[in-house]
Each structure stands twice: as structure tokens, then as C-alpha cells.
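Colleague: Just passing along the structure, written as C-alpha cells.
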Amino acid sequence: MTVTIKLGQLAEFLGATLSGDPEKQITGLATLQEAGPAQLSFLANPQYRKYLAGTQAAALLLKAADAEGYAGNALVVPDPYLAYARISHLFDPKPKATAGIHPTAVIAEDAVVDPSASVGPFVVIEAGARIGADVTLGAHCVVGARSEIGEGGWLAPRVTLYHDVRIGKRVVIQSGAVLGGEGFGFANEKGVWQKIAQIGGVTIGDDVEIGVNTAIDRGALADTVIGNGVKLDNQIQIAHNVQVGDHTAMAACVGISGSTKIGKHCMLAGGVGLVGHIDICDNVFLTGMTMVTHSITEPGAYSSGTAMQPAAEWRKSAARIRQLDDIARRLKQLEKRSGEVTPDGNASSEG
């Protein structure tokens with residue numbers, strides 16, 4: 001389905017200042033390099049300014065400073081990237097689900113499904129589950145016993161919710177995600193691992209997004225908790241009892257060990273790992289591949305990953321790391337010897 005919106009309508013939608021033809025028809029979005037004569041683009045990152053003069057876009061989202069030297073159609077906004085985010089939903093080709101229950105769905109007698117919800121083929125909804133208004137369940141989703149999905153939720157095909165998973169409003173969960181799987185809990189008895197029942201659940205706040213193949217384990221006793229507005233990328237592992245504060249975002253392949261607490265408005269880049277039973281305060285940024293081994297009490301950016309080098313240089317650096325203990329001992333010896341020399345450069349009476 002092709003959407004056509006006039007440039008003037010987009011300006012009104014954004015509250016933007018229009019420079020150019022308000023009747024210009026816009027049919028889609030594209031990058032500066034690839035946009036055609038009916039598509040809207042944007043300039044948010046200065047490194048792409050070099051493409052501004054040659055773009056074929058019908059119109060651009062620009063800051064005022066960039067719009068001054070641009071002769072084409074423009075929507076002038078304070079933040080072009082944020083404006084692009086808002087407009088993107090107007091051109092989203094994702095099919096809209098229709099209300100109703102597919103005849104192949106299996107629904108427990110005491111489950112409650114709002115009439116406005118869309119339940120796709122081969123969905124399973126177990127006893128005591130509750131599905132809110134305008135919820136979409138894609139094909140082959142499983143909603144476990146006593147689990148709840150708040151209004152406006154959207155679950156892609158093959159999402160699995162175990163029992164006692166509570167999901168807030170307007171939550172988006174992508175395919176393959178598993179919420180409420182048993183946490184990794186075992187007690188050691190003379191070298192043999194004894195399983196610990198995971199009797200907590202999972203609680204997800206409002207406006208959360210959960211990526212493809214991400215796993216959020218149920219709590220051992222209390223719930224694993226994901227706050228409002230949290231954004232989780234693909235292939236993230238969140239262990240039992242973890243708590244994630246509101247509006248924290250995590251990129252792919254983050255791993256969080258059990259009982260760790262992460263504050264509000266944090267950002268975790270790809271491949272970050274956290275040990276268990278630590279606390280991360282609000283407004284912390286962890287760069288890619290950082291390994292967090294203790295609590296963080298001060299906001300700011302933290303790193304521990306090794307930056308990329310040419311392979312030959314990296315091998316030399318790795319070899320030097322193995323020599324650090326010896327270098328440290330030699331440095332201490334030099335410091336001791338230098339301390340035995342008097343200020344005038346002569347050896348002390350102690351020789």
C-alpha cells in the first residue's frame with residue numbers, strides 16, 4: 001500500500017516551518033543518497049552534509065542552519081532525526097491486524113480476550129490469561145497461564161510468554177522472544193547441582209520494545225522487572241531477578257547476570273556484560289564490549305573493551321600485557337634505587 005501525503009500536511013503534523021511547495025506529494029522516506037523525486041529525507045548527522053547538494057529528494061527535514069543554504073523544499077525543525085522518527089509511522093507498510101480470533105487458535109475457557117484484539121493462526125492462550133484491548137498476537141504465539149497483556153500490545157509471530165508474565169500497555173515484542181523462562185538457579189550438593197524452582201514472574205512496564213530472540217527469565221522469588229519505556233535490541237539475555245529502570249536502552253547481545261539492578265535512562269552498547277548482584281545508577285553509558293564487574297555509583301560513560309588495532313599491533317600489545325607483572329617489578333626497583341640518590345646527584349651514605 002502506497003501512502004501519499006502533501007508536504008504542507010507533514011509540516012502541520014510536525015509543527016515545522018515549511019520552505020517550498022506545500023502541495024508537493026510525498027510517497028515515502030529514504031536516505032539523502034537514495035531518495036527519489038517523491039521521497040522525503042533528512043540531515044541529522046553532519047558527516048552526511050556532503051550529500052546535500054546532490055540529493056534528488058522531494059524535500060528534506062533540516063535544521064535552520066542547514067536550510068539557509070538549501071534551495072529545495074524543506075521542513076525546518078529543531079531535531080531532524082526526531083522529526084523523521086515521528087513521520088516514519090505515517091509511511092510504515094506493516095499490515096494492520098483486524099479484530100477477531102482465528103479458527104485455529106486454542107484458547108482456554110477461562111481466558112479473557114478483549115473483542116478488539118486480533119488473535120492469529122495457531123495462537124495458544126492458556127488458563128486465566130487476559131488479553132487487553134487492541135492487542136495483536138501473531139501466528140503461533142503462546143500466552144501462558146495467568147499472563148496478562150495490556151492494551152495496544154503487539155506480539156510478532158512465535159513470541160512465547162510463560163505463566164505469570166505481566167505486560168503493560170503498548171508493548172512491542174518481536175519474533176522468537178521468550179519471557180518468563182526459568183532462571184538459571186541451582187544449589188550445589190557435594191558436586192551435584194540441585195535445581196531451584198523459579199517461582200517469581202516477569203513484569204514489563206508500558207511502552208517497552210523487546211527485540212528478536214531476546215530472553216527475559218522469571219524471578220526466583222520476586223519478579224524480574226523491566227521499567228516503562230525500556231528498549232531492548234535483539235539477542236539480549238536478562239537473567240532472573242534483574243531490575244531495569246525506566247527508559248533504559250540496550251543494543252544487541254547484552255548479557256545481564258542475576259539480581260543486577262540497572263537504573264533509569266542508561267544506555268548499554270552491543271556486547272556489554274554485567275556480573276550478578278550489582279547496582280548501576282541512573283544515567284550510565286556503557287560502551288561496546290564493556291565487562292562490568294562491580295557496582296557503578298556515579299553517572300557517566302564507562303568502558304573496558306579493547307579498541308580495534310591492526311592485527312600485528314594488537315599481537316604486540318597482547319604480548320606486552322603478559323609482561324606487565326615483570327615491568328611493574330622492574331619499575332618498583334628503579335623507583336627504589338632512584339630514592340637512594342641524594343638531590344645533588346650523589347649516592348647517599350648508605351650507598
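Cβ coordinates come from backbone N, Cα and C, glycine included.
Sequence annotations record features per position, and here Swiss-Prot assigns active site, proton acceptor to His240 based on sequence analysis.
Could you give the neighbours, burial and distances for every feature on this list?
Modeller: Reduced to three states, the DSSP call for His240 (active site, proton acceptor) is coil.
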Colleague: Please work out the number of neighbouring Cβ atoms within 10 Å of the Cβ of His240 (active site, proton acceptor), leaving out its own Cβ.
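Modeller: Other Cβ atoms found within 10 Å: 26.
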